[in-house]
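In case it helps, Swiss-Prot gives these features for our protein:
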type     : residues : note
ACT_SITE : H97      : active site, nucleophile
ACT_SITE : D379     : active site, proton donor
CARBOHYD : N194     : N-linked glycosylation site
CARBOHYD : N305     : N-linked glycosylation site
CARBOHYD : N354     : N-linked glycosylation site
TOPO_DOM : 1-6      : topological domain 'Cytoplasmic'
TOPO_DOM : 28-480   : topological domain 'Lumenal'
TRANSMEM : 7-27     : transmembrane segment
Amino acid sequence: MLHRNRFLVLLALAGLLAFLSLSLQFFHLIPVSATKNGGSSKSRKRIMPDPVTEPPTVDPVYEALLYCNIPSVAEHSMEGHAPHHYKLVSVHVFIRHGDRYPLYAIPKTKRPEIDCTLVASRKPYHPKLEAFISHMLKGSGASFESPLNSLPLYPNHPLCETGELTQTGVVQHLLNGQLLRDIYLRKHKLLPNNWSSDQLYLESTGKSRTLQSGLALLYGFLPEFDWKKVYFKHQPSALFCSGSCYCPLRNQYLEKEQRRQYLLRLKNSDLERTYGEMAKIVDIPTKQLRAANPIDSMLCHFCHNVSFPCSRSGCLGMEHFKVIKTHQIEDERERHEKLLYFGYSLLGAHPILNQTVNRMQRAASGWRDELFTLYSAHDVTLSPILSALGLLEARFPRFAARLVFELWQDRQKPSEHSVRILYNGADVTFHTSFCHDFHKRSPKPMCPLENLVRFVKRDMFVALDGSSTNYYDACHGEGA
């Protein structure tokens, strides 16, 4: 009996130790050898702190975590919120592609070992990931505008290629699509069950990461969609300016903005010292290190919780990362103050905002086509739009950022239409320059469509110099 009791005690103790070991591994408190699907077999130092509530002062690590946009708990969003007597008419969505592999490599360092195949059992997980892969395999004959028709429909390289969408990026947009589906289809019935291809407008730049992000969002929004009803148009310009891309004044603003960035960097002695330290570690000239845009690669290490690269002379570290990230935050602050980027944004964003307003006006008049519009784009697409709208407090577009324009009809006064603007789920309508003081002057709960129309058709040019009344004249005027 004594031996039996001792055996049971030892068995319970062994079970407790096993549980503690698994718990410690889960919380990254002891090293764990990763499988092929998890990355390198080496022990990896944990570099990513747990997200916390927003700190009282600007924290570069917290800002970087927001930028990573790691899929976690369900997101609280304000899309689709309106008084009960308003009817949703159309929705226009701009997205930045999801998490990607770096566009730049730090010379003389090992590339981060990130697996760009999609594995349903690997984190980050999504219940529809396996079904998404199966559906993409059925789309080999999809008819997209060239060159989109030659791009892969989902990422599939064991070692990611330059700029390739990762599994994290796919999951980010599956979640975006699922969120929009719950709000716009299940709640507001934006599209009928037998929706047609004419009711969608889909556009992507020619990068695989934007097409694949668009497809992931679309699958979350319309699971098992009919491939014959889906057509992505190709947009050659990251500004989505279509046939209105030639704009000399916009280019002048951009050149002066780039000059401002350069001068700010020269003034930052901490940044130059940090670049010098990093260059010494990897044994290259400081100028070469700076040209390699090391923050791009370091953000990939950070977002994927992989140790920063090392050489025989040492390792790049969190302090280097913090200095560069802090400079980025300071650059964004000064950018809004100097207004050069604002001038660039007004001209850069006008063509796509004009297209959006025209679609809204057609929908308001009863046109039933293009009720859901999706532009799959880049940070350099969303950032000018945010700036042009006057959203100066908006953070730089994170991975899988979304900007949504909603058009609503007042059922009590069917001729009246209103708009809502949402950025990453937050209602920013009354922070825009065209509606920031409307609620002070009117008891109406929504911003009139006319305000947005007037802003795009007139006020954007007034904000530039006041003398131009159309896009062509503004682009060929003087003012930068």
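Cβ atoms here come from the backbone N, Cα and C positions, even for glycine.
Not measured: the values here are computed from a predicted model.
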To the nearest whole angstrom, state the Cα distance for the pair N305 (N-linked glycosylation site) and N354 (N-linked glycosylation site).
41
For the glycosylation sites N194, N305, N354, which one has its C-beta crowded by the most other C-beta atoms within 10 angstroms?
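Sorting the candidates by Cβ neighbours within 10 Å, the top entry is N354.
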Please state whether DSSP places N194 (N-linked glycosylation site) in a helix, a strand or coil.
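The residue in question, N194 (N-linked glycosylation site), is coil (DSSP, three-state).
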Sequence gap of 6 or more, C-beta under 8 Å: which same-chain residues meet both conditions with respect to the residue listed as 'active site, nucleophile'?
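Long-range Cβ contacts: L165, G169, K207, R209, T210, Q212, S213, S376, A377, H378, F399, A400.
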In whole Å, how far is N354 (N-linked glycosylation site) from the residue listed as 'active site, proton donor' when you measure between their Cα atoms?
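Just about 19 Å between their Cα atoms.
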Across the topological domain 'Cytoplasmic' (1-6), what is the average pLDDT of the model, as a whole number?
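In the predicted model, the topological domain 'Cytoplasmic' (1-6) has a mean pLDDT of 48.
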Cα of N354 (N-linked glycosylation site) to Cα of N194 (N-linked glycosylation site): how many Å, rounded?
30
